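One structure below.
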Amino acid sequence: MILLSSEIEITTFFLIGMPGLEHAHVWISVPICLMYLVAILGNCTILFVIRTEPSLHAPMYYFLSMLAVSDLGLSFSSLPTMLRIFVFNVTGISPNACFAQEFFIHGFTDMESSVLLVMSFDRFLAIHNPLRYSSILTSARVAKMGLVFLIKGMLLVLPFPFTLKRLTYCRKSLLSHSYCLHQDVRKLACSDNTVNFFYGFFLALCMMSESVLIAVSYVFILKMVMGIGSHRQQLKALNTCVSHICAVLIFYVPIITLASMHRFGKHKSPMAMILIADAFLLVPPLMNPIVYCVKTQQIREKVLEKLGLQQQCQ
């Protein structure tokens, strides 16, 4: 890395694959590529089925479409560097490309968090007031929500690349993951990065507040379900929430673990951080379509029907 002026002027950041396993990167790339392929095909299938099936033109499935879009955004944002590292063993990345990547990764992460929050509200409304559900969550309102989530996610992280570009980088150029994250790049700076620290902390608080609101919504959902007289009806109501609960856990567990290790882990294992960071971007896009296809009967039936397998399964 060469520092050319008082402003940021560096040659290259270096991403990391699997330390000590560089000789096996080609073999490691096989499951990684398969995971990306399944994730992209799965989310594209969800979008195609919902788009082409009039019976799925309902708020719950529109929100699922938004979740699939954010998952695709996460996959395509991280795919270039992951393939470069594990397939071609190319670890270098230019600063501008790095800043652009972390912008899209954080933007789509924030979007997915917002979608998961509104999906919890969707489940609350469906159980609390099913008769007014369709009149409250109209197609127009759902479309506006999707647009707001996208704009909000991108505007919130828009300062990241510009504030990172203003920092001075020296001595260190090795990042901790296979892709660029704001907190990871910020730690390489040798100039004052207080603004970056507090703004990153503010964004983390926003996302954590959404996870708290999701938890609160489920407290109210459980309270309502417990008030239902029939045990069978209670199970039926809770079953409509299982897919969403799985999606929330799949998304928030790795991200909370990774954020905690970045901020508080003094004796953290580098390999553990790398695995959790990779899981943060690989697992949600991979698992969400699988979970919703397995647990949501309407989605499962329509997917099987499109694949010509419906008759064979009956």
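Cβ coordinates come from backbone N, Cα and C, glycine included.
The annotation domain 'G-protein coupled receptors family 1 profile' is assigned in TrEMBL to 42-292. Along the domain 'G-protein coupled receptors family 1 profile' (42-292), the predicted structure has mean pLDDT 86.
Residues annotated as transmembrane segment in TrEMBL: 24-49 (among others).
Beyond its flanks by at least six residues, the transmembrane segment (142-162) meets 59, 62-63, 66, 99-100, 102-103, 106-111, 114-115, 118, 182, 196, 199-200, 203, 206 of its own chain at Cβ-Cβ distances under 8 Å. The transmembrane segment annotation in TrEMBL covers 142-162 (among others).
Taken from TrEMBL, the feature transmembrane segment applies to 197-225 (among others).
Packing against the transmembrane segment (237-259) from elsewhere in the chain are residues 67, 109, 112-113, 116, 119-120, 123, 126-127, 183, 204, 207-208, 211, 214, 218, 221, 224-225, 228, 273, 276-277, 279-280, 283-284, 287-288, 291-292, 295-296: each is 6 or more residues past its ends and has a CB under 8 Å from a CB in it. Under the heading transmembrane segment, TrEMBL lists 237-259 (among others).
Residues annotated as transmembrane segment in TrEMBL: 271-294 (among others).
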